[in-house]
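Per TrEMBL, these features apply:
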type: BINDING; residues: 13, 14, 15, 166, 196, 291; note: UDP-N-acetyl-alpha-D-glucosamine binding site
type: DOMAIN; residues: 6-143; note: domain 'Glycosyltransferase family 28 N-terminal'
type: DOMAIN; residues: 190-338; note: domain 'Glycosyl transferase family 28 C-terminal'
Ligand SMILES: CC(=O)N[C@H]1[C@@H](OP(=O)(O)OP(=O)(O)OC[C@H]2O[C@@H](n3ccc(=O)[nH]c3=O)[C@H](O)[C@@H]2O)O[C@H](CO)[C@@H](O)[C@@H]1O
């Protein structure tokens with residue numbers, strides 16, 4: 001193949017970017033020329049900015065199923081985004097467009113379809129998001145993380161690949177993580193990840209019981225942009241960060257327990273690393289309920305414990321954490337029996353075939 005050019009798109013939250021990084025790293029090593037299209041000033045611009053990959057920001061609009069005055073202006077933004085994407089794709093001339101989801105991807109896949117460039121999309125959650133539902137119409141192939149998702153997409157397009165995980169995550173060193181955090185080995189490390197954008201209620205509840213928690217654990221709190229609590233700076237055994245990048249592998253290697261939202265990518269990373277996890281999925285009030293299904297699937301398979309946001313109080317947080325501690329061995333045993341597909345290899349093969 002002479003033209004090994006590919007365009008990636010995906011954004012709005014890190015869950016629509018980090019799986020792309022896992023795939024892009026493999027393609028880069030195989031000599032592919034990669035370009036990224038994301039929204040201007042989205043989290044993807046920050047993350048891809050650290051990756052040495054050309055990034056093009058386009059205009060993007062949110063698609064909503066509810067009334068909002070922006071419903072009148074956002075379609076115009078999407079059209080503008082499609083025109084911008086069209087210009088970029090015409091210039092780059094990729095063989096394939098790989099789309100990880102998020103609203104910014106809609107104009108990109110529309111533009112690709114207009115230029116007859118094959119589009120592959122990947123859906124991380126059990127049920128498809130609105131952007132991917134629309135994108136499916138323009139896609140050649142649809143990859144899914146959960147086998148439960150197969151029947152949500154046309155059978156001639158869909159393929160179960162599993163979740164693309166960044167290989168660096170498996171190279172973490174606990175000792176380096178502890179050293180970076182300034183933590184010791186005498187107390188276990190508990191990492192709280194409120195999803196890539198943070199989770200207000202989890203942040204608040206955790207901070208209310210911080211004194212009790214730091215008696216037993218050393219806490220890493222990934223609290224999301226704008227959610228740092230400066231009054232807690234210097235609290236012994238507590239470290240908060242908005243978001244961490246290259247330090248994440250070491251921090252996870254050092255972590256004995258995880259409390260997290262149930263974003264699909266994060267939970268598959270914890271599963272791959274065999275981390276006992278307590279999941280607090282985003283509620284139906286704030287989402288389509290995809291995280292609830294993700295969490296229930298993991299609970300059913302014996303990989304995780306689940307605490308619903310509606311039931312989240314300081315008491316339930318502490319009792320469920322205690323239960324997580326008691327069930328640690330069983331959860332890890334169940335996780336070790338999981339045989340994940342060879343996701344990155346499957347995806348690479350499909351990309352190469354599609355590009356032919
Ligand atoms: C509010 C919202 O819409 N959430 C959705 C979003 O979640 P979100 O963006 O939180 O996505 P995920 O939990 O799936 O993935 C987050 C990614 O960010 C990484 N990470 C996170 C924190 C950090 O400090 N450093 C870091 O690298 C994680 O390792 C992971 O790779 O996309 C997911 C995948 O479609 C969905 O399941 C979620 O419902």
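Glycine too: its Cβ is placed from the backbone N, Cα and C atoms.
Recorded features from TrEMBL, shown on the structure.
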| residue | record | Cβ contacts under 8 Å, 6 or more apart |
| --- | --- | --- |
| 13 | UDP-N-acetyl-alpha-D-glucosamine binding site | 43, 102, 195, 196, 197, 263 |
| 14 | UDP-N-acetyl-alpha-D-glucosamine binding site | 43, 47, 196, 197, 243, 265 |
| 15 | UDP-N-acetyl-alpha-D-glucosamine binding site | 124, 195, 196, 263, 264, 265, 266 |
| 166 | UDP-N-acetyl-alpha-D-glucosamine binding site | 18, 21, 22, 25 |
| 291 | UDP-N-acetyl-alpha-D-glucosamine binding site | 125, 261, 262, 263, 279, 281, 282 |
Practice problem: Note down the number of other Cβ atoms within 10 Å of the Cβ of residue 196 (UDP-N-acetyl-alpha-D-glucosamine binding site), including every protein chain shown. | Solution: 22
Practice problem: Mind looking up the mean pLDDT for the domain 'Glycosyltransferase family 28 N-terminal' (6-143) in the predicted model? | Solution: 92
Exercise. Could you tell me how many residues in the domain 'Glycosyl transferase family 28 C-terminal' (190-338) are helical, how many are strand and how many are coil under DSSP?
Key: 71 helix, 23 strand, 55 coil
